[in-house]
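Asks: Input: one structure, supplied below.
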Amino acid sequence: MAEVGEIIEGCRLPVLRRNQDNEDEWPLAEILSVKDISGRKLFYVHYIDFNKRLDEWVTHERLDLKKIQFPKKEAKTPTKNGLPGSRPGSPEREVPASAQASGKTLPIPVQITLRFNLPKEREAIPGGEPDQPLSSSSCLQPNHRSTKRKVEVVSPATPVPSETAPASVFPQNGSARRAVAAQPGRKRKSNCLGTDEDSQDSSDGIPSAPRMTGSLVSDRSHDDIVTRMKNIECIELGRHRLKPWYFSPYPQELTTLPVLYLCEFCLKYGRSLKCLQRHLTKCDLRHPPGNEIYRKGTISFFEIDGRKNKSYSQNLCLLAKCFLDHKTLYYDTDPFLFYVMTEYDCKGFHIVGYFSKEKESTEDYNVACILTLPPYQRRGYGKLLIEFSYELSKVEGKTGTPEKPLSDLGLLSYRSYWSQTILEILMGLKSESGERPQITINEISEITSIKKEDVISTLQYLNLINYYKGQYILTLSEDIVDGHERAMLKRLLRIDSKCLHFTPKDWSKRGKW
């Protein structure tokens, strides 16, 4: 059995932790750092195959020293492409070599006629009106903004019809087929963390949200040990205290503080409560800077130009990076617009979440980063942010898609939103002359502003596309219909287009943003 003094960085051993059921478990963890406070050693551990947000400092009493694995000496191997620091390519980010070599793209059906009928008792289904935070990111932008973005390729789970192939849709008895069955070719994580989006997401005919104890998302964003560790202990923002999930590049002198104090209106940071109180006597903001372009009830959205409000935008990015691991933070906020969602009370407009987007996007991205702050998660705000981004796309007359890669929680939220939105369209179709209703992929995309590729991938994800008697059909099972109705009953927050006061700008004609 090893001694406590023998534990070094890189060691792996079981560590005691409490799971979501308040039960003890001993997952394997890696020691990332060791520190000594008043003669007492603390160890910063990362639980293997769990999300980094669960990393923590522990004492030696929680370590199983009997099963310790010491780090092996690394063999000298040539680096990738001869470049120091190169990492193995990620299968989630790289395009298959065969596709690159041939210069071909995956076939995407554009004009598919979808025909279907619903059970008689469901022909007239009242439209449900009515979601939690989301954790995806800001001027947090992907690592390669100016270079060509890598494409995330997902193998189709069901046959993809050609561009002109007709499709019909039939209902199925709920007992005949469950909503979504895992099939070869569909990437599906068995253990994913799910605290960001709505709990009701699992009820719309798609798999239940991942468990609370972590995900299989790999720590590939940063190689150096500093950025793999949380550096801020606690953040006080208004009436909330937040425990950061990830590293954020706040000034080094602030990382030793027990609490970092932020002004909830301008997001400036201070070392102490006294500093914050002095700042509040001078800060005259009671809402985010910029124009209020939406208000309904207590919910408002403010549009903020990253060039005109640089300080606020940078502070927003620093805060968001505490809860986003898959983006790189840049301080050049000029090319971005930020849309901040707030909740109003007698003291002012309190930030709930936000999303950012490029002023000019050649890839039709309508969201660069998106986040709902932890205190407001699981309350429907995640889908509200997503819905608002697509509402802006409708006004702009464009289809849009979120920038890749999405976080695990962001992907959950978008999958749920796409599924509910598309099912809402399909179930609202009325038959003409006794024939089954018909709709094309293009029409769905135009109605919802969801990009065609996302429409197709969602239909595949829900396992709705089938081949029947020489044509492609959409099959809505009883489980899908029932699950969708239950989900829509829980979705109380919706965007009202009548409350949106937004005029899109043509940034291509403005030279410098």
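Even glycines carry a Cβ here, placed using N, Cα and C.
Below are the features listed in Swiss-Prot for this protein:
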- 69-106: region 'Disordered' (REGION)
- 122-217: region 'Disordered' (REGION)
- 227-504: domain 'MYST-type HAT' (DOMAIN)
- 260-285: zinc finger (ZN_FING)
- 368-513: region 'Interaction with ATF2' (REGION)
- K430: SUMO1 cross-link (CROSSLNK)
- K430: SUMO2 cross-link (CROSSLNK)
- K451: SUMO1 cross-link (CROSSLNK)
Asks: Who are the chain neighbours of the zinc finger (260-285) in space, where the CB to CB distance is under 8 Å and they lie at least 6 residues beyond its ends?
Replies: 232-238, 250, 253-254, 311-312, 315-316, 318-319, 348-351
Asks: Which site among K430, K451 has the most other CB atoms no more than 10 Å from its CB, taking these as recorded sites?
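Replies: It comes out as K451.
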Asks: Under DSSP, the region 'Interaction with ATF2' (368-513) has how many residues in helix, strand and coil?
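Replies: Counting residues by DSSP class gives 76 helix, 22 strand, 48 coil.
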Asks: I'd like the per-state residue tally for the zinc finger (260-285) from DSSP, helix first, then strand, then coil.
Replies: 10 helix, 5 strand, 11 coil
Asks: Between K451 (SUMO1 cross-link) and K430 (SUMO1 cross-link), how far is it from one CA atom to the other, in Å?
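Replies: If we compare the Cα positions of K451 (SUMO1 cross-link) and K430 (SUMO1 cross-link), the gap is 24 Å.
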